[in-house]
Amino acid sequence: MRVLLAPMEGVLDSLVRELLTEVNDYDLCITEFVRVVDQLLPVKVFHRICPELQNASRTPSGTLVRVQLLGQFPQWLAENAARAVELGSWGVDLNCGCPSKTVNGSGGGATLLKDPELIYQGAKAMREAVPAHLPVSVKVRLGWDSGEKKFEIADAVQQAGATELVVHGRTKEQGYRAEHIDWQAIGDIRQRLNIPVIANGEIWDWQSAQQCMAISGCDAVMIGRGALNIPNLSRVVKYNEPRMPWPEVVALLQKYTRLEKQGDTGLYHVARIKQWLSYLRKEYDEATELFQHVRVLNNSPDIARAIQAIDIEKL
């Protein structure tokens with residue numbers, strides 16, 4: 001099976017990709033989106049979001065990375081897709097699933113689900129702009145407020161010439177509510193298409209991954225939030241390994257505080273460590289105590305000292 005690391009805006013950036021791919025066995029990472037409006041973006045934008053482009057589109061541990069674009073205008077999606085692969089990206093991905101109000105308000109992300117023709121035009125333009133040997137993938141949800149258009153959406157992606165399709169098994173309006181996950185709908189789409197379909201949504205452990213694949217028939221999954229809850233989740237999902245022990249999680253957090261974020265204003269680790277601990281609390285009781293300790297700290301040096309001061313040998 002294949003396990004992909006999902007794009008998560010404001011969460012899974014290059015530093016987190018570096019850490020997670022070092023302790024996992026991901027087959028591919030998708031970047032946070034590059035927002036495309038009405039221009040060919042400068043090289044520095046691509047390098048900021050995907051510094052791995054300067055390392056043959058791989059993380060330091062060797063996992064492939066693909067740039068994701070978000071936009072609605074085919075011409076500019078095409079030009080920026082061409083630039084991404086010229087810079088070394090292993091293919092490109094089109095975001096048609098982001099539920100953010102800000103993104104949707106500007107006509108991107110999940111808004112495209114309302115009109116499958118827009119998905120077709122965008123994906124087709126990207127496919128034509130990218131060399132045939134490189135993949136063009138599309139990430140969608142089942143629809144905007146219902147799944148009525150799920151087949152139209154899927155057909156649009158395939159007819160556009162996309163290499164593969166990632167389906168998040170909920171509509172935009174359903175957000176991330178667990179009770180609405182519909183792996184069967186993903187399976188219905190998989191049976192309809194001739195291109196690979198990757199299942200996404202509510203995959204938290206070995207059991208849920210097996211259940212998702214059994215219901216959907218997919219042999220590839222994409223994981224997002226769960227990758228932060230359990231830092232070695234790809235190995236749990238692929239090989240039924242136990243979750244990472246808490247001392248190893250702390251060691252990972254300590255390494256994180258030592259990494260430098262390019263262009264950091266001093267607030268990067270403050271926000272990200274707290275954010276990561278809030279995810280870890282869902283799986284590790286020890287993370288709650290640590291979160292309570294650092295939540296009142298407001299600068300990177302203090303956060304780093306608090307994390308570094310933990311004696312792993314005593315855990």
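Glycine too: its Cβ is placed from the backbone N, Cα and C atoms.
Shown in sequence order, GLU32, PHE33, CYS98, SER100 are the residues of the chain, 6+ apart in sequence, with a C-beta less than 8 angstroms from the C-beta of GLU9 (FMN binding site). In the three-state DSSP scheme, GLU9 (FMN binding site) is classed as coil. If you look up Swiss-Prot, you'll see PRO7, MET8, GLU9, GLN68, LYS139, ASN200, GLY201, GLU202, GLY224, ARG225 marked as FMN binding site.
DSSP assigns ARG35 (site 'Interacts with tRNA') to a strand segment in the three-state reduction. Within 10 Å of the C-beta of ARG35 (site 'Interacts with tRNA') there are 18 other C-beta atoms, taking all protein chains into account. Annotated site 'Interacts with tRNA' per Swiss-Prot: ARG35 (among others), in sequence order.
On its own chain, ASN95 (site 'Interacts with tRNA') has PRO7, PHE33, GLN68, LEU69, LEU70, GLY108, GLY109, LYS139 as residues at least 6 apart in sequence with a Cβ closer than 8 Å to its own Cβ. Classification of ASN95 (site 'Interacts with tRNA') by DSSP places it within a strand. Look at Swiss-Prot and you will find ASN95 (among others) tagged as site 'Interacts with tRNA'.
Take the CB of CYS98 (active site, proton donor) and look out to 10 A: across all protein chains shown you find 23 other CB atoms. Annotation source Swiss-Prot lists active site, proton donor at CYS98, citing similarity to another entry.
If you look up Swiss-Prot, you'll see TYR176 (among others) marked as site 'Interacts with tRNA', on the strength of experimental evidence. Taking Cβ-Cβ distances under 8 Å and a sequence separation of 6 or more, the neighbours of TYR176 (site 'Interacts with tRNA') in its chain are ARG170, ARG225.
Within 10 Å of the C-beta of ARG272 (site 'Interacts with tRNA') we count 20 further C-beta atoms, all protein chains included. According to Swiss-Prot, the site 'Interacts with tRNA' annotation covers ARG272 (among others), on the basis of experimental evidence.
What Swiss-Prot records for LYS274 (among others) is site 'Interacts with tRNA'. LYS274 (site 'Interacts with tRNA') falls within a helix when secondary structure is assigned with DSSP. Summarising the environment of LYS274 (site 'Interacts with tRNA'), the number of other Cβ atoms within 10 Å of its Cβ, over all protein chains shown, is 15.
Annotation comment: Swiss-Prot describes TYR279 (among others) as site 'Interacts with tRNA', evidence class experimental evidence. With a 10 A radius on its CB, TYR279 (site 'Interacts with tRNA') counts 18 other CB atoms from all the protein chains. Look at TYR279 (site 'Interacts with tRNA'): DSSP puts it in a helix.
What Swiss-Prot records for ARG295 (among others) is site 'Interacts with tRNA', and it gives experimental evidence as the kind of evidence. The DSSP secondary structure for ARG295 (site 'Interacts with tRNA') is coil.
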(message) Are there recorded positions among ARG35, GLY201, GLY224 that sit within 10 Å of LYS274 (site 'Interacts with tRNA'), Cα to Cα? If so, list them; otherwise say none.
(response) none
(request) Please name which of the recorded positions listed here, ARG35, GLY201, GLY224, ARG295, is nearest in space to TYR279 (site 'Interacts with tRNA'), Cα against Cα. (result) GLY224
(request) Can you grab the distance from GLY224 (FMN binding site) over to ARG295 (site 'Interacts with tRNA')? Cα atoms, rounded to a whole Å. (result) 23
(request) Report the largest Cα to Cα distance, in Å and rounded to a whole number, among the residues PRO7, MET8, GLU9, GLN68, LYS139, ASN200, GLY201, GLU202, GLY224, ARG225 that the record lists as binding FMN. (result) 22
